[in-house]
Amino acid sequence: MEHEHVRGVDPAVADALEGEIDRQRETLQMIASENHVSRAVLDAQSSVLTNKYAEGYPGERYYGGCEFADEVERLAIDRATELFGAEHVNVQPHSGTQANQAVYFAMLEPGDKVLSLDLTHGGHLSHGHPANFTGQLYEVEQYEVDPETGYLDYEGLADHAEEFDPDIVVSGYSAYPREVEWERIQEAADSVDALHLADIAHITGLVAAGVHPSPVGVADFVTGSTHKTIRAGRGGIVMCDEEYADDIDAAVFPGGQGGPLMHNVAGKAVGFGEALESEFEEYAERTVANAKALGETLADHGFELVSGGTDNHLVLADLRPSHPDTTGGDAEEALEEAGIVLNGNTVPGETRSAFNPSGIRAGTPGLTTRGFDEEDMAVVGDCIARVIDSPEDRDVIDEVREEVADLCEANPLYESD
Ligand SMILES: *Cc1c(COP(=O)(O)O)cnc(C)c1O
């Protein structure tokens with residue numbers, strides 16, 4: 001990836017782009033929400049569709065010259081429909097947050113009530129954080145995971161819904177390692193006549209591949225990001241039943257956005273097409289197997305995993321019992337020096353802060369895309385444990401950095417130009 005055209009006019013940006021490619025190639029990307037898209041998706045996203053205004057929807061645009069934009073958007077919609085089985089799909093949201101925004105804007109009035117998961121327990125900013133528009137426009141209360149087990153407290157959620165009488169219940173999480181029982185949340189929502197938004201941002205790819213139960217057909221609305229476990233490039237998606245289709249479309253455009261990012265819609269079309277291939281299912285299964293292998297290795301090294309393990313693509317370790325003097329931030333920093341990129345994360349029962357939390361979150365989608373298997377993950381887990389055991393030991397960091405380089409070389413990224 002030479003970026004020769006950028007280099008010709010802008011060496012500073014070209015240097016940064018090349019630096020980023022090298023960084024992704026030479027270090028382990030274990031941020032649970034990140035992944036590596038294919039060259040085909042990259043190509044589609046950097047296409048001339050970035051030049052095109054296509055406000056409206058296929059066949060009903062506000063601008064001329066949209067025949068190819070229409071074709072691309074129809075392909076993205078058809079493939080998403082086939083992948084997820086939803087009655088209606090909107091592929092225009094610029095991101096997962098914009099997808100959620102569309103649902104709130106379509107269905108709620110300011111002052112309406114939102115019941116969502118506590119952010120420190122794995123919820124997302126766009127589910128009612130005070131700094132987000134959701135926290136400022138709506139009345140928000142939050143449910144929790146069971147402090148003993150780390151699993152969602154479905155009964156507590158139902159009781160909370162009974163007391164609070166929300167207009168919408170939001171499920172789907174950023175740092176929850178277990179399978180979500182959508183039906184139980186839908187039941188709780190139904191029993192108080194609330195809507196249910198299932199935000200599958202993190203697990204969109206796992207749901208598409210059938211390795212996590214799907215909320216489509218259960219929840220009233222399903223939203224997602226298209227760049228996390230599904231490798232369709234940066235963006236968002238909303239799915240719903242036909243009865244809400246017009247309201248959702250109007251809430252995306254013109255409600256919350258102007259022209260769609262058609263180059264990203266093209267990326268979605270290509271990425272969704274790839275996700276329909278049988279290799280994608282193998283990738284998704286391997287992603288989960290890799291997360292389990294990583295979790296087991298960390299547990300063998302004495303780490304305490306929230307919920308005791310994982311059913312999906314991520315593990316969340318609470319460092320307080322095993323490493324009381326090391327914060328998630330300290331661990332993140334030392335690991336980055338060793339070439340392992342993940343993030344410090346809050347944990348249930350957090351006693352520190354979001355800026356310097358007590359846990360680390362590690363995901364396997366990116367490494368799985370590179371070809372890592374369970375044996376590799378045992379090596380990676382061992383590296384993580386050694387660094388966190390001695391976060392200030394230069395020798396350990398240098399040693400691990402070399403092992404990371406070997407792993408990267410054995411599992412190359414974006415190799416064929
Ligand atoms: C990542 C995430 C989102 C959306 O994030 P964007 O960066 O806006 O795509 C929404 N909900 C949850 C639960 C997430 O983890």
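Backbone N, Cα and C atoms are what each Cβ position is placed from, and that goes for glycine too.
The domain 'Serine hydroxymethyltransferase-like' feature in TrEMBL is assigned to 9-384.
For Ala354 ((6S)-5,6,7,8-tetrahydrofolate binding site), the same-chain residues that are 6 or more apart in sequence and have a Cβ closer than 8 Å to its Cβ are Leu119, Thr120, Thr346. Per TrEMBL, the feature (6S)-5,6,7,8-tetrahydrofolate binding site maps to Leu119, Gly123, His124, Leu125, Glu242, Ser353, Ala354, Phe355.
Take the CB of His227 (site 'Plays an important role in substrate specificity') and look out to 10 A: across all protein chains shown you find 26 other CB atoms. Annotation source TrEMBL lists site 'Plays an important role in substrate specificity' at His227.
Every protein chain considered, the tally of other Cβ atoms within 10 Å of the Cβ of Lys228 (N6-(pyridoxal phosphate)lysine) stands at 26. Under the heading N6-(pyridoxal phosphate)lysine, TrEMBL lists Lys228.
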Counting Cβ neighbours within 10 Å across all chains shown, tell me which of the binding-site residues Leu119, Leu125 comes out on top.
Leu119
Please report the DSSP secondary structure of Lys228 (N6-(pyridoxal phosphate)lysine), reduced to three states.
coil
Rounded to a whole number, how many Å is the Cα of Lys228 (N6-(pyridoxal phosphate)lysine) away from the Cα of His124 ((6S)-5,6,7,8-tetrahydrofolate binding site)?
14
